[in-house]
Ligand SMILES: *Cc1c(COP(=O)(O)O)cnc(C)c1O
Ligand code: SF4
C-alpha cells in the first residue's frame, strides 16, 4: 500500500492565457501525480498518450477532484488503455470532412454557412474528439491560403455566416483573429460571425481585453458556441468570462457531447442546463458521439440517449432542452434524433 500526500491543485499563477497554454500538463505521469491518482493508471495513460497527446491546462485541472479516478472532467482528458482498441465502425474520419474542403481551411457542407478552420491547435485534448486523427497541422493558414479562402467567401453570396472553428479558433493570436474578422466583415453578404470554441471554458482568462476589442467592434452579429459537457466545468471564472462576452454583445450557446461516464445521466444533464442558463448560456446541441477510432468506450447508444432526452423534457422548460443531434455524412444539416 502506497500512501501519498494529496498535492494541492492551485489556480493558475498568471492571468496570461498564452503562458497558461504553455504551462499545460503534457505528460501522463505529471497528470496522475498532480491529481494524486493511482500509478497503476500509468501504462494505460501512456498507451493512449502515444495515439493522441495529453494536454490539460491548470485552470481546468483545478476543477478536478484529486484522488477521484472517476471524476467526470478527468475522464475527458486522461488517456486510457481502451483507446488502443480497434472497434468496427469507429474510423479516423467519421465525418468525411476531407471531401468538403471548398478552399484552404473552408468546409462548406450546409447552405448559407461555412466552417473556417482557423487552426488545428487546441488548449486541451479531449479524448473523445474526432480531431485525434485530423490531417491538418497545428499551425494557422498562410497568407496566400487565407486570400484564396476569402476569395471563396466573396464569390459566394449565398454565404451569410462564417463559423470560425478548428481545432480551437481562440488558440490563434488576437492580432491574427482581429485581422481575419476585418476581412470577413468587409464582405457585404456576410451578416453573422460564429465561433465554436472550448477555450473560454478551459482557460477563462482567454476572454481578455484584446479579444473583446476585435470581437466587440465588428459589425457582424456574434454567436459563440461553447463546448461544455458537465456542470463542474462551469466555475466562477467561466461565469465571469461569459458575462464579459455578453456585455460585448455575443449570444452564447452550448454544445455538449453525450459521453459514457461523464454526462450520461438525467441529473447531470439537468444540472448542466440549469448551470448553463445561470451563466447566460443556452443549450444548443447534445451530440451523439462521432464514431471516431479510439473513443468507442465513450459511446452511449441511441435508445439510452432518447431516454435521457425524455427525462430532460419532463424536467425542464423547452428552452433548456438541447437538440439531440448526430452528424451524418451527406446530409443537408445535422440529423436531429
Ligand atoms: C456543424 C456544422 C455547421 C453548423 O451547423 P448548425 O446546425 O448551423 O449549427 C456548419 N458547417 C459544418 C461543416 C458543420 O459540421
Ligand atoms: S476540438 Fe474541441 S473537443 Fe476536440 S480536442 Fe479541441 S477542444 Fe476538445
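We number each residue from 1, going along the chain as drawn.
The backbone N, Cα and C atoms fix where each Cβ goes, glycine too.
Under the heading domain 'Radical SAM core', TrEMBL lists 108-331. Summarising the annotation, TrEMBL assigns [4Fe-4S] cluster binding site to 122, 126, 129. Under the heading N6-(pyridoxal phosphate)lysine, TrEMBL lists 334.
Overlay of TrEMBL annotations on the structure.
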residue: 122; record: [4Fe-4S] cluster binding site; contacts (Cβ under 8 Å, 6+ apart): 55, 129, 131, 166, 167, 168, 171, 198
residue: 126; record: [4Fe-4S] cluster binding site; contacts (Cβ under 8 Å, 6+ apart): 76, 77, 198
residue: 334; record: N6-(pyridoxal phosphate)lysine; contacts (Cβ under 8 Å, 6+ apart): 285, 287, 323, 325, 326, 327
Structural state of residue 122 ([4Fe-4S] cluster binding site), classified by DSSP into three states: coil
Coarse DSSP state, helix versus strand versus coil, of residue 334 (N6-(pyridoxal phosphate)lysine): coil
Protein Cβ atoms within 10 Å of residue 129 ([4Fe-4S] cluster binding site), excluding its own: 22
Annotated recorded positions 122, 126, 129, 334, filtered by Cβ under 6 Å to ligand 2: 122, 126, 129
Recorded positions whose CB lies under 6 angstroms from ligand 1, from 122, 126, 129, 334: 334
Confidence summary for the domain 'Radical SAM core' (108-331), mean pLDDT rounded: 95
[4Fe-4S] cluster site shell beyond 122, 126, 129, criterion: Cβ within 8 Å of Cβ centroid: 124, 125, 127, 128, 131, 132, 168, 198
